[in-house]
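Right, one structure below, let's go through it.
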Amino acid sequence: MERAFFMQQALEEAEKAREIGEVPIGAVVVLDGEIIGRAHNLRETSQNAVTHAELLAIQDACNHQKSWRLSGAELYVTLEPCPMCSGAILLSRIDKVYYGAKDPKAGTAGSLMNLLQDDSFNHTCEVESGLMEAESSEMLKSFFQELRKRKKNG
């Protein structure tokens with residue numbers, strides 16, 4: 001039940017992104033049952049390649065904790081993390097990642113590779129995929145369908 005609540009919070013962040021024309025991806029960072037960081041994708045708004053939901057949520061959590069170390073924390077994100085976000089997850093010492101939709105083109109938490117559980121790094125984290133996958137996938141699918149329709153209609 002608790003995991004579903006936190007993923008629902010990530011979905012609400014994704015909806016905020018969708019409402020401003022961003023790819024609907026949302027993330028929350030949880031420590032000891034409390035949300036300490038939350039964000040949604042802002043890449044188009046900021047015209048900055050690194051403003052992914054995960055990075056912004058991690059930054060928010062680090063500010064909240066006044067530390068770059070987020071040991072014991074969990075990240076809930078609506079889309080499988082990319083290489084950049086996986087790197088930030090490892091560097092911030094997050095212990096577990098839950099994600100909704102798989103990303104066959106850029107996902108590095110199991111789809112293309114699994115950076116988060118690669119023992120070559122000095123930190124690894126647990127990964128659980130498929131949490132509220134249908135809701136996460138549908139939000140992305142409908143966003144891109146609408147985007148294609150708008151482009152087609154000029």
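For all residues, glycine too, the Cβ spot is worked out from N, Cα and C.
Listed in TrEMBL for this protein:
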type     : residues            : note
ACT_SITE : GLU54               : active site, proton donor
BINDING  : HIS52, CYS82, CYS85 : Zn(2+) binding site
DOMAIN   : 1-112               : domain 'CMP/dCMP-type deaminase'
CYS82, CYS85 as binding-site residues, winner by CB count within 10 A: CYS85
Other residues, Cβ within 8 Å of HIS52, CYS82, CYS85 Cβ centroid (Zn(2+) site): ALA53, GLU54, LEU55, PRO81, PRO83, MET84, SER86, ALA88, ALA106
Neighbourhood of GLU54 (active site, proton donor) by C-beta distance under 8 A, where only residues 6 or more apart in the same chain count: ALA27, ALA39, LEU75, VAL77, PRO81, CYS85, ALA88, ILE89
HIS52 (Zn(2+) binding site), number of other Cβ atoms within 10 Å: 25
Helix, strand and coil counts within the domain 'CMP/dCMP-type deaminase' (1-112) (DSSP): 44 helix, 26 strand, 42 coil
